[in-house]
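Peer 1: According to TrEMBL, the protein has these features:
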| type | residues | note |
| --- | --- | --- |
| SITE | Arg17 | site 'Transition state stabilizer' |
| SITE | Lys24 | site 'Transition state stabilizer' |
| SITE | Arg157 | site 'Positions MEP for the nucleophilic attack' |
| SITE | Lys213 | site 'Positions MEP for the nucleophilic attack' |
Amino acid sequence: MSRLMWAVIPAAGVGKRMLADCPKQYLTLAGQSILDRSIAIFLENPQIAGVVVGISQGDAYWPESNYFSHDKVHVVEGGKERSDTVLNGLKYLQSKLDDRQQNVLVHDAARPLLTQQALNRIIQHQGDQGAILAMPSRDTVKWKMSDTQQAEKTLDRNNIWLAQTPQKFPLETLSCALQQANELGIDITDECSAMEAAGYQPDLIVGESSNLKLTLPEDLLIAEALLSFLSSQATTQNEFGVQQ
Ligand SMILES: Nc1ccn([C@@H]2O[C@H](COP(=O)(O)OP(=O)(O)OP(=O)(O)O)[C@@H](O)[C@H]2O)c(=O)n1
Ligand SMILES: C[C@](O)(CO)[C@H](O)COP(=O)(O)O
């Protein structure tokens with residue numbers, strides 16, 4: 001039997017673009033907080049050992065979570081940037097795990113609609129340079145001129161993939177790649193960027209368009225609709241997506 005996997009969930013952002021009166025991970029979707037939904041997805045998967053959540057210092061909302069004192073949920077302090085929060089989570093795992101090169105998953109708290117099918121796809125993926133969930137672009141993609149609001153060219157969309165989470169990498173390699181990117185001042189918005197900068201070529205696994213990152217106020221409305229769509233699908237499909 002393969003070893004159980006750890007997940008790091010960065011949840012220390014302020015959600016500026018959401019324009020809400022609390023950090024967006026504490027807004028509720030059908031009665032449950034976005035953060036609790038994200039944590040629950042991992043705890044419900046039998047291949048997950050535990051979850052490390054990055055929480056801001058003095059976060060007054062976290063104690064209200066259903067997972068505040070759950071034995072499989074461990075908390076680390078959030079950092080200034082998302083990558084700093086992730087690094088804190090990785091450092092915690094490095095101090096806890098014997099095999100420091102075991103694969104770990106990193107997933108945004110702000111993506112509460114990840115399905116078990118997509119999570120299983122990335123957990124089961126075999127490959128030595130890591131992997132991420134991503135979606136092929138379905139739009140025509142323009143490259144904008146740097147100085148004006150004009151199109152300079154059209155990119156080949158076959159080569160454009162939009163990054164999602166979870167992203168899966170060997171613990172020590174990812175930690176080194178993130179630290180190196182920090183030291184070199186490279187702008188890192190996901191783990192894969194750090195790995196690319198360190199010379200790796202992670203695999204792209206097809207994600208799901210429903211695995212939305214809740215960023216803007218209107219995303220909440222879309223998420224409510226997707227949630228009810230996914231719930232109706234779940235009652236008619238098994239974990240392999242087969243109609244029952
Ligand atoms: N210093 C930070 C910044 C972000 N995050 C987390 O990283 C994920 C993805 O980031 P994003 O969607 O950009 O969240 P925010 O930074 O909160 O949003 P905004 O940029 O609108 O402020 C979120 O789960 C967020 O809580 C984090 O743990 N630590
Ligand atoms: C990691 C991520 O979710 C991949 O899409 C994303 O990079 C998070 O940060 P963003 O820069 O706010 O999209």
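Glycine is no exception: its Cβ is also placed from the backbone N, Cα and C atoms.
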Peer 1: Please report the DSSP secondary structure of Arg157 (site 'Positions MEP for the nucleophilic attack'), reduced to three states.
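Peer 2: Its secondary structure by DSSP: helix.
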Peer 1: Which recorded sites, if any, among Arg17, Lys24, Arg157, Lys213 have a Cβ under 6 Å from ligand 2, given in order along the chain?
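Peer 2: With ligand 2 as the reference and 6 Å as the Cβ limit, the list reads Lys213.
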Peer 1: From the Cα of Arg157 (site 'Positions MEP for the nucleophilic attack') across to the Cα of Lys24 (site 'Transition state stabilizer'), what is the distance in angstrom?
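Peer 2: About 31 Å separate the Cα atoms of these two residues.
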Peer 1: According to DSSP, which of helix, strand or coil covers Lys213 (site 'Positions MEP for the nucleophilic attack')?
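Peer 2: DSSP call for Lys213 (site 'Positions MEP for the nucleophilic attack'): coil, neither helix nor strand.
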Peer 1: If I restrict to non-local contacts, at least six residues apart, and a C-beta distance under 8 angstroms, what lies near Arg157 (site 'Positions MEP for the nucleophilic attack') in its own chain?
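Peer 2: The answer is Pro136, Ser137, Arg138, Asp139, Thr140, Val141.
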Peer 1: Let me make sure I understand the structure: which of the recorded sites listed (Arg17, Lys24, Lys213) has the fewest other Cβ atoms within 10 A of its Cβ?
Peer 2: Arg17
Peer 1: At the Cα level, what's the spacing in Å between Lys213 (site 'Positions MEP for the nucleophilic attack') and Arg17 (site 'Transition state stabilizer'), rounded?
Peer 2: 12
